[in-house]
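Visitor: Take this structure first; my questions come after.
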Amino acid sequence: MSDTDGKKPLGLGGGRSGHVKQSFSHGRTHNVVVETKRKRVVVPGKTGAAAGGGRSGSPSAVSGDPSKRPAGISDAEMERRMAALRAAKAREVEEAAQRIADEKAREEERERRRLELEAKEREEREREEALRLKAEEDERRAREAELREKKKAEIAKPKTEARPATPADRAAAEAAAVRAETKGVSAAGPRKTDRDRDTRGGGGDDRDSRNKGRDDSRRTGKLSLSQALDGEGGRQRSLAAMKRKQEKARQKAMGGNQRAEKQVRDVQLPETIVVSELANRMAERTPDVIKSLMRMGMMVTANQSIDADTAELVIDEFGHHAVRVSDADVEQVIDQVEDKPEDLQPRAPIITIMGHVDHGKTSLLDAIRHANVVAGEAGGITQHIGAYQVKASNGAVLTFLDTPGHAAFTSMRARGAQVTDIVVLVVAADDAVMPQTVEAINHAKAAKVPMIVAINKIDKPAANPQKVRTDLLLHEVVVEAMSGEVQDVEVSAKTGQGLDTLLEAIALQAEILELKANPDRPAQGAVIEAQLDVGRGPVATVLVQNGTLKRGDIFVVGEQWGKVRALINDKGERVDEAGPSVPVEVLGLNGTPEAGDVLNVVSTEAQAREIADYRIQAAKDKRAAAGAAITLDQMLAKAKADENVAELPVVIKADVQGSAEAIVQALEKIGNDEVRVRVLHYGVGAITESDIGLAEASQAPVIGFNVRANAPARNAANQKGVEIRYYSIIYDLVDDIKAAASGLLSAEVRENFIGYAEIKEVFRVSGVGNVAGCLVTEGVARRSAGVRLLRDNVVIHEGTLKTLKRFKDEVKEVQSGQECGMAFENYDDIRKGDVIEIFEREEVQRQL
């Protein structure tokens, strides 16, 4: 024996190896060597104990032997350190034990789940096997019944074939016998020999019982002679058909033959919907929906849109219910909940000061606020809506809105009347009721708000308050002094007379109104003014009407949305929130809103963006619908009318939205049937290069109202020759535009009659034609003037003179009482007794 007999060869330890055979399709196999490594579990408790045992004497030795102890450590300190060390070791042991227990629990849980999964899979396999066996048994019985019926039919046939058998008949009979024998063998199933059972093992009997009665001709692929002669082996059901039949039988056994009841759905139907989306919402096939539409005469594809009415017909045809929804439903997220009475709290009144221009509205408000706003207004007139809060002597807080009085600011006054609680109508005692006073009265009546009349400038010598009261009667405003219900107060903004009485009247009116609001809800307010600030971006002056607007709130206002970045009150101070009746400047918008838009606070940024997008699309659709409503005839008629109309294009940029609107409205009123002003674009903010490009393309001037052009815009204007005009007073702007538009008017031609001449004789002159010998009876006859030939006071000819002679000399003019000779240009039909009317044309420039 060798040295290695009975010894294991050397190798890597720590693992066990084995072989696993992987089977693939087409009989391919692959051997894989699998090595399993075992992990050595180290129990911390035992290790620690052993280690501790080895060093058990050290701490005591250290603590007992002062020479081995670290310097400066007392016995008590050493004992504490040792106790802490022992506690740490104990914790480590506990944690290790807990980890082992957790791992064991997880392993048990995994084993339990594996067993459950295996049991479930086994049950599923057994159930499927039972269903398969049942289906095969049913199929076998059906075949046997069919065979029995066929045999009975053959036996019942009348035996009329009793005639001498021919060789062909004998061959057919033998084939039939063989065929019957083959079928019997197939029905009974293939026999297995004992050797087959021994070879395949003990499970052969079970397989024979399962396969009993199965037709194996499809599997063996063999074809007997009798089958070939009989034709049975020709066209048979495919293997896929057999599988489908088995699947149907399995579903039938499981109860799948019951037809699923159709589910009726509520289909949300917008104004327009894509065909594929409609099919998806109905849970129907898209081709079925397209077929339904084609039956209606609509040739559509899956990606085409259809209107709501057509989609509703399709939904009804498929048996579902249509639920109409509108795109406007996105605005339902805006809180419109009615406030409970117990949540309402008193709020400050909102007072709008209105009246004619230069009647002292801003001066009166300055006197109340003890400020001086008039000095900062261009031209001494208000051109913006100002919002202020004033604290009265009794402690009450009042919110004032100062509106412009100029005729161009009608829309501003209308907005001021819509958001106010009380209107203070300022009328100058020395000027009485004026056009904008009447307009302010109409705005207050339309808004159904109470009115207080403040008769201003009573300190002037020409003041006549009684005339003001009388003039107001003409407009159905009856003051208390005239036995009416409207309060009237005589005040002087200059001397301060009557201001306390005015504030008392306002407080009394506010007390009667019982103004309340709920501060504990999402804010809602109105945009008083909006502008585009160079450093701060879009800024909106908002008057909070309900709720509390806080910094960080997400809001939607008109077609814009944003997040409150900062709130600035009327004193220029930053605040964190603004309650009801508080005017603030809001920063954080994504664009400049329109003055008069309503601000609503929403929950999320997505909601705000969705509402703003819907409003933008709705505005586009409205403009498109307005353009589409014009017929071709109307369009041609308008184009023909515009051919004779001269246009003055302008580009308007203003500091605030309200001023821009007022300028546009004022310019639209300029013009007549021959000339008009066309505003190409108006906006808020500084003049930019894009404005210059637009103006250059249309050969229009750029009007800047309280704004200036930036450096690139100025350079572009100089290069392209675009005129930029700056204004700070709306009077001057309107007057200049009106003068420029007047220059487009064609000059008016006026005729001045300068004389008459009577024809005394007619002479025929060769080379010249007929020449009239005339006597100037009135005025003077000039060679350059126009003439008309009158016969019996009827104009026969109008033209010019070819020649004017005095005796034989050509002269420029002939005075009254003198004789002369006249010949007409291209006209000879003159007679004795006709009268010649002499006139001159003069062009006069027209004004709008």
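Backbone N, Cα and C define each Cβ position, glycine as well.
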Visitor: Which one of 380-384, 520-524, 670-674 shows up in Swiss-Prot as region 'G2'?
Guide: 380-384
Visitor: Out of 436-439, 456-459, 800-803, 812-815, let me know the one Swiss-Prot marks region 'G4'.
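Guide: Range annotated as region 'G4' by Swiss-Prot: 456-459.
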Visitor: Inside 10 Å of the Cβ of Gly355 (GTP binding site), count up the other Cβ atoms and send me the figure.
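Guide: Step by step: centre on the Cβ of Gly355 (GTP binding site), count other Cβ atoms within 10 Å, giving 28.
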Visitor: Check the region 'G1' (355-362) for me and report the mean pLDDT.
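Guide: Residues in the region 'G1' (355-362) carry a mean pLDDT of 79 in this prediction.
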Visitor: When a 10 Å sphere is centred on the Cβ of Asp358 (GTP binding site), how many other Cβ atoms does it contain?
Guide: 18
Visitor: Suppose we draw a 10 Å sphere around the Cβ of Lys361 (GTP binding site). How many other Cβ atoms does it contain, all chains included?
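Guide: So the number of other Cβ atoms within 10 Å of Lys361 (GTP binding site) is 30.
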Visitor: Run through the Cβ atoms and count how many others sit within 10 Å of the one on Ile458 (GTP binding site).
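Guide: Neighbour count, Cβ to Cβ under the 10 Å cut-off: 20.
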